[in-house]
Amino acid sequence: MSEVQLRNNWKREEIESLFALPMNDLLFQAHSIHRQEFDPNEVQISRLLSIKTGACPEDCKYCPQSARYDTGLEKERLLAMETVLTEARSAKAAGASRFCMGAAWRNPKERDMPYLKTMVEEVKALGMETCMTLGMLSAEQANTLADAGLDYYNHNLDTSPEYYGDVITTRTYQSRLDTLSNVRASGMKVCSGGIVGMGEKATDRAGLIQQLANLDQHPDSVPINMLVKVEGTPFEKLDDLDPLEFVRTIAVARITMPKSRVRLSAGRENMSDELQAMCFFAGANSIFYGCKLLTTPNPEENDDMGLFRRLGLHPEQGVASTKEQDEAMLAKAAAQQDKKVSAFYDAGAL
């Protein structure tokens, strides 16, 4: 098979034609590319932790963390360092190779940057890859996080430029692209994807993929989320997306961004094992691991490992550690949970 050529000049019509392929033809093309670029049975595992929850000033209609919607979510301050490290140790011992930290902010405040920098350094010292999603970043903030050793920064485009205004009005599409440019210029790896099932049309799903695939450099990681409908948000009563359209989105992402990790992200809790298996065949090779994604449900770890065994999949190996080191990390995490200490960072005012 000839080497896959990377492209950054996809036309909307080309991507729409991929979406329109018969399912067998689409899956064959996507899986062939997937096998050429990756071990088809290896899945990268990340753990996602909300380090600051709720009270976000943005109006994203899908998000339970927006201060504008009554979703019953309790807001929390920025987590204390040891609370974060306890979660990171537990994640590594459970098999995660990357630890992702998310904060419900429009953008991080300058006063918090030194603390965030230290957080990255401390998690890196555990031997894990690191990722953060903190909202918009200036070039200076991106450089600060890069200097700390942050491996990935996540900032999703969410949907197509045309449908974007129906999803969020408090942040422009261009501001998202600017943040991705700042991240890439800093030397960090880019994690960017979107959400499907938000009432968009098929052409909008094609438009999202077009925007991602036509970035100067493809995102290193592309999370594809299925909308999780949360009571109290404007999108709580939307009709469900046909699951096969979700599989098509995964497949088209794999074809247009052949060397990127495509992450089967939010919404897995509501997916059957058979649907997830189709997504892995279509080119998904990364998941979030653990019972919660920021504030929404996710499959239990044992369920994921059981599915992996049934499908013959295996986790990507992170930095090697001994059984004794893993047991020590778990013991330290358990001991920390027993301590009567604040879970929150004193200076992290909402």
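Each residue, glycine too, has its Cβ placed from N, Cα and C.
Record check: Swiss-Prot places CYS100, CYS131, CYS191 at the [2Fe-2S] cluster site, and the matching candidate among ARG35, ARG248, ARG254, ARG263 is ARG263. Here CYS63 ([4Fe-4S] cluster binding site) is positioned 19 angstrom away from CYS191 ([2Fe-2S] cluster binding site), judged by their C-alpha atoms. Of all the binding-site residues listed (CYS60, CYS63, CYS191), CYS60 has the fewest other CB atoms within 10 A of its CB.
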